[in-house]
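Structure first, commentary second.
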Amino acid sequence: MESVLDERERTGVPDAILLEDYLSEKVFIDNLKKRYKENLIYTYIGQVVVSVNPYKDLGIYTENHLEKYRNVNFYEVPPHVFAITENAYKAMIAEVADHCILISGESGAGKTEASKQVLRFLAATSLHRREMDRVRDRLLQSNPLLEAFGNAKTNRNDNSSRFGKYMDIEFNFKGDPVGGHILNYLLEKSRVVHQEIGERNFHVFYQLLAGAPSHLLEKLHLERNADSYFYLKQGKSGHVDSISDSGDFEAVQHALATLNFTDEEKESIWGILGAILHLGNVSFKGDDDGLAKVVDETHVNYCSKLLGCESQELLNALTHRTIEARGDVVTSPLHPEQAVYARDALAKSVYERVFDWLVERINQTLHNTEAGRKTLLGILDIYGFEIFDRNGFEQFCINYCNEKLQQVFIELTLRSEQDEYRREGIEWEQVEYFDNKIICDLVEEKHKGIISLLDEECLRPGEATDATFLAKMNSHLAKHKHYFSYDTSVNNKVKKTINKDEFRLRHYAGDVAYRVQGFLDKNNDLLFRDLKEVMTHTSNLILTAVFPKEELGRKKRPDTAATQFKNSLGGLMNILMNKEPSYIRCIKPNDEKRSYHFNEERVSHQVKYLGLMENLRVRRAGFAYRRQYEVFLHRYKSLCPATWPSYKGQAKDGVHSIVKHLKYSPEDYRMGRSKLFIRLPRTLFKTEDALQARKAELATKIKAKWKAFVYQRRYQKMRAAVTVLTKHWRRIAAKKVLARRKWAAGVIRAFVKGFITRNQAVNSTNARFQQLVKCEYLVRLSKALPQHVLNRKWPQPPSSCKEASKVLWDLHRTYLARKYVRALPPEKRVMFEEKVLAEQLFRGQKASYPLVLPKWFVASRLDPASESLMKTAFEGIIKTSGEKTKYSVPCTKYDRHGYKPRERLLVLTTGALYLLEAKENKLKQKHRLSLKEIQGIHVSPNNDNLILIQIPPENAKKDKGDLIINVPNVIEAVTKLVSVSDNTEMLKIAATDSIGHTMKNGKQGTIVLNSGASVTTINKNKEGKLLVLFASYWMMVCLERTMLDAAELVGRDQAAIDVAW
Ligand SMILES: Nc1ncnc2c1ncn2[C@@H]1O[C@H](COP(=O)(O)OP(=O)(O)O)[C@@H](O)[C@H]1O
Ligand SMILES: [Mg+2]
């Protein structure tokens, strides 16, 4: 409610206690009107809801609304029947106390609609469990069924309830509806037989004719046309635009099914309704003696058939009356009017009892047998105060009922108000209000009240009539302040306004004049014994139940209608007084059923008789507004720095701080025990205005905070998400590592096993290891492959690769060699060929071979002087033309005779071997040996440089025998010689320690080879042999080393050393 306070200018105040001028009815009605025009049909007076009938669907009872009003604070939402229902429901559950919602208002004000919505709201509280759904459906379905039988079109309301209804809904401790019970009050049964113009009988008859399938109608011998039946056509308004009878018949069928009515029961119901319609069409005429005779017996026959009784019996009972007086039984025929009376009495009685049976039957279905604590929430939808132009017995009862309800209302409202002040310790100002107890007493007081007088008149022997009843009242009640009649009025003015057959009561809601006509009959409610008897032995299921045979034997007269009503009202009052009440006060804004039409006069009248102004006064007597400290603090805490944003102390202290801060004057408020009381609405409005201003200010702050909060939350969510992601990622990563480690361990294990078994033949355990080793070796090898042919380094192969290594080695060597060779220039190639030849010739054959291995062969070993001499003398003169010089070297030639050494130059050409003597800068050919003539070349296997060149024997004489020469580099010289001769066969390496040679004249000489010298020497020994003493290989090496070092010291180059050799 507080939430709409700020709109009060346009829409009025949602609670009338906030009206400044609460005493003015005009202000109150203006407020209702303002709201009504804005489609706000509900207004509170404290906890009473005033509802103004909108006469149109405002869309305010949707599922959304049901939701919106659930679990909310009464004052936090706009006024609504749902709000008050929720409030009552919550209180019922919380306090474990029975509650009731009293709905009152005149016919057509919207009571039944309100009660339906209340029931809907309560039924929907259940959780949607199957069992609960069943109960809920039954509770809801009881409505259309009872409306069909108990509602009718009147001139005020197309769907007017013609009975009072109180329904208890049972809730279990969880708050689920588990059952229900209905009490019905005073059905307007006269409607069954008579309707005013413009009105109809109860809906169910029209529904049956319009909606029943043809076979059912045939079975009931009924026609569809309602005008065919006397009981339906008197009001001349069989069809009503706002009602769909056939549709409603469907709804009734559905309700019967939901409420578990058996086929037999349904059949009985339709049979009784058909019988009543036929009964209405039974007419009587007077015979010759003026006694009643049925005009056409067809309808009696149908009727008896449908009720299951003897036709003749029924016929008799309709036209006769049996009276038992002091043991005598007298049967007398009836006059036609009496017969009509008897017929109508039967129709009314049957209908009334069937209605009661229906209620009872529904109650059985709603009955809950579960054990356990239950609380009740009652809904009372009962006829409102009625003032017609002609008011009869029914209006008397209805208005009496309203007097009683008003009493409950005053009693409970005042009491609760007083209780509240007492509870809260606030001083209470007595409010003047009209206590209608005096009127209730006028009607119901024992022996003195109108009902007692009426009963007396009904029961007394003799001719009692309505007139005698009026006279009796006049004599007994003449002095009563609230009773007026023509005879008792002393005031002529008043007298003129009252008819002679009327009495007038001054009700709390206004004066009502009642016509006494029919009072006695209706109170007696007489059904002649004969008819009752027929009804007790029908075959109709329901009739047998509602007309028990025992009833016939009962001696005691049943209570009169008024007394029964009084008693049932007494019961109702007891029920209500023991419950916490909530009120819905319905107001009818106009008589034309028009929406948006607010007839202030009509409303004013209702406001008066509903006692709303009194209600408001009582409510406002002390303080206009009260709220629990917690609620007030919660709403207004932002207005005081001490309580904003939150207050830690007691709510009461917080509220005290607020009122102090807002500078309430001490007269304006009181602090109760649990509530703050504010005397004037003005004070509340000021507070509310301040709140609105503060809200705008706070909104900005809250927005900023909210944004920060939202972003923070988003950030936290993201962070949490990141943590989750990281966690998962880590798990995955760890799993991967684990898998990898496992794999690695496997690999290592396999590797180790492979290693351990590496020397076994390849098998499944070591195959991979072997492969790895091979791979690894190949990789290693590929990186360490020697790049040069002279580099002989080669990685040590594992045992499994030895063979491969060998093959590779060979391949690589070949490759390097090829590469090397291919890269060689031609002259170098020649040099190599010579070296290769030398190897062929000398390797392993001559001890000095290793010594010359690393040295290149040269074309000339002559010193520069000899060299230039060569160029001039030899090349120009000596050399045989066409030859090419291949090699020249200084040498020592040993004579063949005497072995005298002679220094010579040895020159090799492509054609011959020359020995030249260089003397005094001249060259002289001493010897020329054609290469073809050379028979063989002998060298020793030792370290010496001696060469023996065999010449052909025929030349021995001319050439003085074989040539014995010592050259500095024997291997070089011999290789050149063999190379140029192109005959490797000519070289002979001596196998023994001597070499024989041919000397001049064919003599044989011997060259003795001997070891033991530190330096090789060649001399003639004592035996005349040439002795070659050669040094050991190592001596030669050392010597060469020493010479090299010496050469280095003196700065001589290699060539010089070679020459020195
Ligand atoms: N809250 C409402 N919203 C819309 N129409 C309503 C409302 N209350 C009553 N009416 C209309 O007024 C008619 C009479 O209402 P009803 O509840 O039968 O009156 P009552 O029971 O007081 O005699 C309904 O048939 C309906 O057309
Ligand atoms: Mg109603």
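From the backbone N, Cα and C atoms, a Cβ is placed for every residue, glycine too.
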Region 'Actin-binding' range according to TrEMBL, out of 293-315, 569-591, 684-706: 569-591
Sequence-ordered binding-site residues from GLY105, GLU106, GLY108, ALA109 with Cβ under 6 Å of an atom of ligand 2: none
Additional residues around ATP, ordered along the sequence, whose Cβ is within 8 Å of the centroid of GLY105, GLU106, SER107, GLY108, ALA109, GLY110, LYS111, THR112: ASN53, ASN157, GLY384, CYS586, LYS588
Which same-chain residues, if any, lie at least 6 apart from GLY108 (ATP binding site) yet have Cβ under 8 Å of it: ASN53, THR154, ARG156, ASN157, SER160, LYS588, LYS593
Residue with minimal Cβ packing [other Cβ atoms within 10 Å] among the binding-site residues GLY105, GLY110: GLY110
DSSP helix/strand/coil residue counts for the region 'Actin-binding' (569-591): 9 helix, 8 strand, 6 coil
GLY108 (ATP binding site): secondary structure state under DSSP, collapsed to three categories: coil
Intrachain C-beta neighbours of GLU106 (ATP binding site), sequence separation six or more, cut-off 8 angstroms: ARG156, GLY384, PHE385, GLU386, CYS586, LYS588, GLN606
Per-region confidence, the region 'Actin-binding' (569-591) (mean pLDDT, whole number): 91
